[in-house]
Amino acid sequence: MLKEQVLTYAYILLYIGLSSGQIFFNKWVLSSKEINFPYPLGLTLLHMVFSSVLCFVLTKVFKIMKVEEGMTTEIYATSVIPIGAMFAMTLWLGNTAYLYISVSFAQMLKAIMPVAVFILGVAAGLEVMSCRMLLIMSMISFGVLVASYGEINISWIGVVYQMGGVVGEALRLIFMEILVKRKGLKLNPISLMYYVSPCRHKVYASVVHIVLFYSAICLFIPWIFLEKSKMEAHGTWNFQPLVLTLNSLCTFALNLSVFLVISHTSALTIRVAGVVKDWVVVLLSALLFADTKLTVINLFGYGIAIAGVAAYNNLKLKKEASRASLDDSQHAQSVTLATSSTSDR
């Protein structure tokens, strides 16, 4: 029991460390003069290709990870592809935001995530509007607005990019919830990256062209139009294979850490750990980056937003506990009925 608890906390700390480190790593790669690689779309494309190849090696060459069965053409086309597309958009826009705004301010804007998820969830029929939830959403929104008001060097271009990333992540979470709740298919990050990767060879023939087209549309074609010519014209950026490989490997390890935490606890734990991680990133960024200047208004507004996020997580925890209790009760009732039916015979 003690060993299991220690292992769980170790996984949580690993997630917080990898998530925080990846944010700083991406910021450094994109903005440092040493590497001179201000190409967020190219960096995201590199991450996706690296993860795709590594997933293929793990699942098909070494067969270390098992890919769940049950994938159909309809599920693939209506759920998995949108999830991958939204994931790519989130990383692309989020990484681009680091070129315009500080890491700490980007994390403050991410606090609006529950609001985006709730609004889209209501639209998709996954959430129910209530006065309590509306109050919590208002609290989070107000806190983010106050934090934004206190930002000294605000760039609205960076804000737009970051908010676009938030919407993309919210849509990804909605599609994942639909995939699990309505389609009944559970995918771990390895399986999900495997199914959305262009290197998957065992797919249904009718969707092969969709996979290739989707992969190109998501990242490659935008990269050709938006960054390829800039990279060729610039000509002075230093491509450092070791640094970029380590950066991609950290992204892959982060996805694995999310799976480890969820498998040992729950998705809610990830959200709570994410709040702790955000505070760590906000405070450390003030020490590591010169473009970060925290004000009292910043911290006050962010504190309000985080309090709202905590209330949201607490409400979701109660709902999940109530749902689990109801499921257990129904299961016990079905067992009792089955037992009495057998005894009658």
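In case you wondered, yes, glycine gets a Cβ from its N, Cα and C as well.
Feature annotation from TrEMBL assigns transmembrane segment to 7-25 (among others).
The annotation domain 'Sugar phosphate transporter' is assigned in TrEMBL to 12-313.
Residues or ranges marked as transmembrane segment in TrEMBL: 37-62 (among others).
Summarising the annotation, TrEMBL assigns transmembrane segment to 74-93 (among others).
Residues or ranges marked as transmembrane segment by TrEMBL: 99-126 (among others). Same-chain residues lying 6 or more positions outside the transmembrane segment (99-126) and placing a CB less than 8 Å from one of its CB atoms are 23-24, 27, 30-31, 38, 40, 133, 136-137, 140-141, 143-144, 147-148, 151, 153-155, 157-159, 161-163, 166-167, 169-171, 173-174, 177-178, 181, 278, 281-283, 285-286, 289, 291-294, 298, 301-302, 305-306, 308-309, 312.
As annotated by TrEMBL, transmembrane segment applies to 133-150 (among others).
The annotation transmembrane segment is assigned in TrEMBL to 156-175 (among others).
Residues annotated as transmembrane segment in TrEMBL: 203-225 (among others).
Per TrEMBL, transmembrane segment is recorded for 237-261 (among others). Residues of the same chain lying 6 or more positions beyond the ends of the transmembrane segment (237-261) and with a Cβ under 8 Å from any Cβ of it are 8, 11-12, 14-15, 18-19, 21-22, 25-26, 29, 34-37, 39, 43, 46-47, 50-51, 54, 188-190, 193, 231, 269-270, 273.
Nonlocal intrachain contacts for the transmembrane segment (268-290), taken as residues 6+ away from its ends with a CB within less than 8 angstroms of a stretch CB, comprise 12, 15-16, 19-20, 23-24, 27, 102-104, 107-108, 110-111, 258, 261-262, 302, 306, 309-310, 313, 316-317, 320. Residues annotated as transmembrane segment in TrEMBL: 268-290 (among others).
Here TrEMBL flags 296-315 (among others) as transmembrane segment. Note on the transmembrane segment (296-315): residues 104-105, 108, 111-112, 114, 118, 132-133, 136-137, 139-140, 142-151, 268, 271-272, 275, 278-279, 282 of its chain, located 6 or more positions outside it, place their CB under 8 angstroms from a CB of the stretch.
If you look up TrEMBL, you'll see 326-345 marked as region 'Disordered'.
TrEMBL lists 331-345 with the feature compositional bias 'Polar residues'.
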